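Copied over from TrEMBL:
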- 604-626: compositional bias 'Basic and acidic residues' (COMPBIAS)
- 604-651: region 'Disordered' (REGION)
- 14-33: transmembrane segment (TRANSMEM)
- 53-73: transmembrane segment (TRANSMEM)
- 85-107: transmembrane segment (TRANSMEM)
- 128-149: transmembrane segment (TRANSMEM)
- 193-211: transmembrane segment (TRANSMEM)
- 239-258: transmembrane segment (TRANSMEM)
- 279-302: transmembrane segment (TRANSMEM)
- 339-362: transmembrane segment (TRANSMEM)
- 382-402: transmembrane segment (TRANSMEM)
- 408-433: transmembrane segment (TRANSMEM)
- 440-461: transmembrane segment (TRANSMEM)
- 481-504: transmembrane segment (TRANSMEM)
Amino acid sequence: MGDVVQMHFSTPDYVIFALLLVASTCIGLFYALSGGRQRTTQEFLLADRSMSCLPVSLSLLATFQSAVAILGVPSEIYTYGTQYWFLGVSYFLGLLVPAHVFIPVFYRLRLTSAYEYLELRFNKTVRIMGTVTFIFQMVIYMGVVLYAPALALNAVTGFDLWGAVLAMGLVCTLYTTLGGLKAVIWTDVFQTIVMFAGQLAVIIVGAHQAGGMGEVWRKAINGSRIASLDLNPDPTERHTFWTLGVGGVFLMLALYGVNQAQVQRYLSSRTEREAVMSCYVVFPCQQVVLCLGCLMGLVMFARYGEDSPLDKGYVKTNDQMVLYFVMDVFRDLPGLPGLFVACLFSGALSTISSAFNSLATVTMEDLIKPYWPAMTEAKATLLSKGLAFAYGLVCLAMAYTASHMGSVLQAALSIFGMVGGPLLGLFCLGMFFPWANSTGAIVGLVAGLVMAFWIGIGHFVSRMAVPTTLPPIINSTAMPLPSNMTTAVMTTAVMTTLITLITAKPKYSDFLSSLNWPTGVQALYNLSYLWYSAHNSTTVVIVGLIVSLLTGPMKEKDLTPGTVYPVLGNLLFFLPECYREILYCVTPLPQKPKAIDTHPYQMARKESNGVSHPKEEEKTEETEREKDEDEETATPQPSCRLAHTLQETAL
């Protein structure tokens, strides 16, 4: 096998790539100089809660349609076939549950940070633990997602590595710091269009050169790349229908249900209905994105067949193979390679900018404001911008560190993928189980993180114990999901080892089972990566409930109104009202708020005695009059439910 074959950019390619960076910067400058000019934290962090459905949904899509998915999914399809396509089944519940469970709770509580919920439901300690876990997760991710695509691009095209890293990092930091969440969302919209255009161009030109889509499909069938429905229930199998369709649901819930970057977009919507609709719009968009990735993989197979550039030694890893294919297909079409690279880096920019903004938000709302409540709005806004800028510099520093990490980087990527499950479990524990207390939440989260690291490290050690005389594992892109919590970013330095951890074949399992190792523990080590989130979140819930029952379950009177979702009452909707009211037995959700610009609901605040108060206590005469009218016409509440009223204030 020879050295990696390099193909170089032409002038039009550089121009198109530069235009992407310039356009993204201009969007940030526009929102820095227009509207409220980012002078309040509400505008900077939540876009004044004024966004409509379409830009929010496209931003939700772009945030985690990263360079990983653009490079990873086609490689997965090329190597293993279309089994991965069944992940689309998980999108249904993975987006339906957030739309009708998480969004109503978060939106009606009027949060800014998702981790404010944890203090309302449990206490400040749980909130800080959740925030610190999220920051740890995202800081590791940022540098890697910035460095990895630049490294792959450098290996295939000779594109200057650190020039690309610095250009992306500085541009992203600039428009995020200047334009706030509004600029992030609208650049996401622009970058989504670029991503679709780049992928479509590759598929159309590649299919034409291969003889048309009919020929592509014929070659894929002959090459056994069109996968059938695999109903094998074995959770150690890497990709089956159950692994993708059921295990994938938990990954989607961790991503679209409780991740701060996504929750922040829901909260920026004008109304709760707009937030819910954005989830519904994401569903077909995700299916289109998945289909584009699968089609690109099939077109790659139609061009190269079993004789891949990886086998010939033209590239060293699968992530480079997609870029090699693009440069090969567009060899005689100047400008189009630049379009695909713009598509690739659009994915990276949208993900990184979301990370900056969400990190600035949780740091400001969870770690600074609670301890300096008297801070003026002007100072808070300036500090939020400073935090976004600081995280941009941290991202560049992490990218530089990533270039020297080697196997430590592999551990960092694995850590990143395992943190999402325990955080999902923590939110589910609070939202669905009213008797769960703060002690149970803390112990449950720690247990979930310990379990996640135990499985991850055990997986690594067990793979390292496999003798080198065994047949080599086919290279594959590890965890090619459009999610920043479950995606291992493709990096040349660590890809081969990381692939080995995740793509173990049954023959390796057979070998390991022949050793005198505990079967149960080894089964955990061989667990498919798509079950990690489900396993770790379930651990948090089970341990949290057991500890809560042992230490004294939380009483209904101590619950903050609106923090527990009435599962039974809503599932058994067909029962008479009187029975459903008994099944609630917890404080119900507040009513849907009206348009934000007329009657904004104030977030409930829980004191140490469990009593709920509005965040702002000033009331106008009109508000008092409306409250009196509501009390006169209110229907008495059943005795098992806490009667409460969230106060409204007119602007």
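In case you wondered, yes, glycine gets a Cβ from its N, Cα and C as well.
Automatic, uncurated: that is what TrEMBL annotation is.
Here the transmembrane segment (382-402) sits against the transmembrane segment (339-362); at least 3 CB pairs are under 8 Å, leaving out pairs fewer than 6 apart in sequence. The stretches the transmembrane segment (239-258) and the transmembrane segment (85-107) are in mutual contact, each linked to the other by at least three Cβ pairs under 8 Å (pairs 6 or more apart in sequence). Contact check: the transmembrane segment (279-302) against the transmembrane segment (53-73) gives at least three Cβ pairs closer than 8 Å, residues 6 or more apart, which meets the contact criterion. Counting Cβ pairs closer than 8 Å to the transmembrane segment (128-149), the top stretch among 14-33, 53-73, 85-107 is 53-73.
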